[in-house]
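Noted in TrEMBL for the protein shown:
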type	residues	note
TRANSMEM	12-31	transmembrane segment
TRANSMEM	51-72	transmembrane segment
TRANSMEM	121-141	transmembrane segment
TRANSMEM	162-179	transmembrane segment
TRANSMEM	185-206	transmembrane segment
TRANSMEM	236-260	transmembrane segment
TRANSMEM	280-300	transmembrane segment
TRANSMEM	334-354	transmembrane segment
TRANSMEM	404-422	transmembrane segment
TRANSMEM	428-448	transmembrane segment
TRANSMEM	468-485	transmembrane segment
TRANSMEM	491-512	transmembrane segment
Amino acid sequence: MSNTTKSLIKSTMILGVAGVIVKIIGAFFRIALTNLIHFEGMSYYQQAFPVYSALLIISTVGLPIAISKLVSERVTVNDYRGAYAVFRTARTFLFFVGLATSILMFCFAGQIAALQKLPDASYSLMAIAPSLFFVSVMSAYRGYFQGLQNMKPTAFSQIIEQLVKVAMGLALAYFFLKWTGRLEFGAMGALIGITISEVSALLYVMGAFGKQKRRMTLEIASAYKSKLMWSEVKPLLGKILVIALPVTVAGLVMPIITFVDSVIIPRSLFALGYDTQTVRSMYGALTGGVLTLINLAAIVSQALQMSVVPAISEALKLGDNARVRGNVLHGIKFAFLEGIPVMVAFFVFASPLLRFLYPSASADELALSTGLLMTMCSVTVFLPFMQTMTGILQGIGKQNLPPISLAVGAGVKVALSLFLMSIPQINIYGAVIGTVVCYIIAACMNYYFVRKYTGVRMNFPEHILKPVAATAVMAAIAYLVYTLIAPFSNAVAVIACAVVGLIIYVFMLILVKAVTERELLQIRGGKKLVQLLKKVHVWK
């Protein structure tokens, strides 16, 4: 394995681990915030994110990739002046992009909230608007460091961002809620906390950049001090945009659909005759409660997606088709090994899990959330599968195909959601069903493309039947554990059945040979586990 490949895999691992930590902290924050401002308050909080995410994509998806690519190309040939020129050009451009999007969102907060049929959400939109500026500028620094194959500043800044968000977001939400007694101001306080967290992360990456400059050799430092001419900046900006635009457009698909959801869900519910408070509670239960759990369940698959890209890319460069096939099959296998038990757990234990996580929710809110989670739980299979197929397609150089799959699924989702939500008996469940169908379509299309370009097909007994068998035993024993302990404490029962369920599931995977000895040996601590299994005669 070459040093470049090792560096790439190490970089991917750093970002992957940071991503998992960030997701866990983020989920904790949302759960804690929900218990503080309730599902109704979360509707104000969540209404800000569709527009925010769409505007954020402009500066955080395509542009950092373009910066890292161009910086990497120049550093490889020791063109440090050129690398710094890319960074300075991009930073200036992102400064104005961030400033423009922040002002735009702040000034039109009232109109956006009115379009979403929740006018009081304008406070939330204004509170988070300034963070667009700070994140945009920070993207230039992150892209620069990634171009140097130094992922630590990006990873650490993400973790700092989350920790400050938890501390300041919850503190300010509590302060404004107690001061005003109004949920919309509690949500606003949490979003001000997010803006402060972005400032903290930006200060960290700026400090890391300054520290790096102080360590430079005299030759490199002099290259960084040279002035840039407009004749250099203009073509550089053109190159940055050529790389960034396709990725940015592809990344806008889901934020746009989420924004459409934020408009059509409240409007559809109002059209069915629901009052404002009920609409807020229903929307908050879906976006603040249920979707938090669904997104948390996708953490492992996101790390898997990141790791499968360099693994497949390396195998392709070496012309090792057998290794490509093996990596694809492993990706498919572990997507189902993760997704199937989570789906069953969410379906069987939806009510006790939600009561454990959201003790402040009312009985009606918990009943609605339980129904929504049970309806949406299959997403925990199709979303990881889709993400893994996306990683495989990126690894084989077909990164343009996953956005097409997602766009087709999203289009069907909008049409289906509008139709189903117009039926009173279905109401908000229509949006959930539309989301499930969206991911099923996107996952199936991605799998079709993977089959087409790699020739690899799923092994139904290996990839589906074995995880299902292991999950069935896990669910039965976990349910028995829950029923024995639940009369005394729901919280203890949920924790106990989660621990027992995990142990039983891992044991069953080994027993039905869903996981092989070779696969176990590839993970940390796997050798000791294999020795133990042989000692107790589970394996020969």
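Cβ atoms here come from the backbone N, Cα and C positions, even for glycine.
All TrEMBL annotations are machine predictions without curation.
Here the transmembrane segment (280-300) does not lie next to the transmembrane segment (185-206) in space: the count of CB pairs under 8 Å, restricted to residues six or more apart, is fewer than 3. As a quick check, the transmembrane segment (428-448) and the transmembrane segment (404-422) clear the bar of 3 or more Cβ pairs under 8 A, pairs 6 or more apart, so the two touch. A contact between the transmembrane segment (51-72) and the transmembrane segment (404-422) is absent, since fewer than 3 of their C-beta pairs, 6 or more residues apart, lie under 8 Å. Contact count against the transmembrane segment (334-354) (Cβ pairs under 8 Å) is highest for 468-485, out of 162-179, 185-206, 236-260, 404-422, 468-485. Only sequence-distant pairs (6 or more apart) were considered; of these, at least three Cβ pairs between the transmembrane segment (236-260) and the transmembrane segment (404-422) are under 8 A, so the stretches are in contact. Listed as Cβ neighbours of the transmembrane segment (185-206) (distance under 8 Å, sequence separation of 6 or more from its ends, same chain) are residues 33, 36-37, 41-42, 44-45, 48, 121, 123-124, 126-128, 130-131, 134-135, 137-138, 141-142, 145, 153-154, 156-158, 160-165, 167-177, 179. Same-chain neighbours of the transmembrane segment (162-179): 21-22, 25-26, 28-29, 32-33, 36-37, 41, 185-194, 196-197, 200-201, counting only residues six or more beyond its ends whose CB sits under 8 Å from a CB of the stretch. If you look at the transmembrane segment (404-422), the same-chain residues 6 or more away from its ends with a CB under 8 A from one of its CBs are 253-254, 256-257, 260-261, 264-265, 268-269, 271-272, 386, 428-431, 433-435, 437-443, 445-446, 449.
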